[in-house]
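Presented below is the structure to which this report refers.
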Amino acid sequence: DILTSCLRTCTSSIYTSTYTQITKEFECSRLVATIGLSLFIMGLGIGPMLLSPLSEFYGRRPIYLVSFTMFFVWIIPSAVAKNIQTMLIARFFDGISGSAFLSVAGGTVGDMFNREQLQFPMLIYTASPFVGPSIGPLFGGFINQYTTWRWTFYMLLIWSAGNLAAIALLVPETYHPVLLRDKAVRKRQETGDERWRAPMEKTNKSIPRTIAFSLLRPFQLLLLEPMVTNLCLFSAILLGILYLFFGAFPLVFQGNHGFTLSQTGLSFLGIFVGMVLGAATDPFWHKNYVRLIQQREEATGEVGGSEPEYRLPPAIAGAVLVPIGLFLFAWTTYASVHWIVPIIGSAVFGMGMSVQRRWGEGGMGAHAGRTCMYVVQTSLTVLERRTLLVFSGIFTFLVDAYPLYAASSLAANSFARSSFGGTY
């Protein structure tokens, strides 16, 4: 899941390094070429609306296999495109196909770990979609400086083929209702007793009705749950800012400091380092979470109780770091200032996004939590270390607060983030 999520988001950002070559070959403006990035991100936001509910019927593994196969297939038209129209269409459908691991994967994490164990796995899941956008320009810079833009997509094809093989061979089914259904089927085959029925086999839910309701639920959460609305809006703005960096870095480092394309790609390492530092703060936030639970036990006498809001302190810290990082970057973009200073600013921003995302999933009440989780799953990428703190908190809060509608809340979040990311 981690490698695949990185690949999906890397595919979105690595495209930005091809602009110079494809605008010349396809005789289009840079603005038209940028539409390929926007369409991919919007596809990432639309896809979870359909894929998340389907996973409730067929399980996680079939969705992974089908969607990733289509993701692999839609890279091919991008690699061999003869005009910009082909590129844009392929990018949109590639985004839809690649959205499964940004939505359904969050449900897989929830399937495998209980609430007490959720923190670190969710941090890793949260960080992986953010690492991808930061390493995309790094790889793309070297590829497009020393060879043709088509090798950008050839590299993605090779990476995708390896991931697809790993999914087919190593990824099991984790969705508990589907596992119970499969067990009931085996029991009926072994004993001939038709009374063996899993709970999901006793429901009368239809796939079209479920999909229609799942398309409605994210918007219900966004409009009717203030906490979901605020957290999703915050994460959406952060993602939009992240994609603004893809346009700002070439202007700052190539225009003001004379960087080459590959050196500009290396400048994104600041964001990557920031996210790593944000992830490294996990032990501190976990210790704080345990302390809050202990205080609650002493006050109420209830053992093992928790509140979704206990997941939010990292997001609060990240909310402070994000504007500091942006301020540092914005005020040091001049040629007279050493190039390392704006890179440090981008790293601070990335760290803040990381923390907010991870811990945002942990907390609010059951209904609010489900809503938040639905909204969070539909989002996409973040930039620096502070940003990582923000998203980590948001995602964890949503999962903890809305356990029954985790996939839906994450889908709503993904939709909001992708909408902002695609339009910025």
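FYI, residue positions are counted from 1 along the chain as it appears here.
In case you wondered, yes, glycine gets a Cβ from its N, Cα and C as well.
All TrEMBL annotations are machine predictions without curation.
The domain 'Major facilitator superfamily (MFS) profile' feature in TrEMBL is assigned to 1-424.
As annotated by TrEMBL, transmembrane segment applies to 31-51 (among others).
Residues or ranges marked as transmembrane segment in TrEMBL: 63-81 (among others). Same-chain residues lying 6+ beyond the ends of the transmembrane segment (63-81) with a Cβ under 8 Å from its Cβ atoms: 4, 8, 11, 26, 47, 51, 54-55, 87, 89-91, 93-94, 97-101, 104, 150, 153-154, 156-157, 160-161, 163-164, 167-168, 171.
Annotated transmembrane segment per TrEMBL: 88-110 (among others), in sequence order.
The transmembrane segment annotation in TrEMBL covers 122-144 (among others).
The feature transmembrane segment is assigned by TrEMBL to 151-171 (among others).
As annotated by TrEMBL, transmembrane segment applies to 231-253 (among others).
The transmembrane segment feature in TrEMBL is assigned to 265-285 (among others).
Residues annotated as transmembrane segment in TrEMBL: 337-355 (among others).
The transmembrane segment annotation in TrEMBL covers 387-405 (among others).
Per-residue pLDDT, averaged over the domain 'Major facilitator superfamily (MFS) profile' (1-424), rounds to 80.
Same-chain residues lying 6+ beyond the ends of the transmembrane segment (31-51) with a Cβ under 8 Å from its Cβ atoms: 8, 11-13, 15-16, 18-19, 22-23, 63, 67, 84, 87-88, 91-100, 102-104, 211, 214-215, 218, 243, 246, 377-380, 407, 410-411, 414-419, 421-423.
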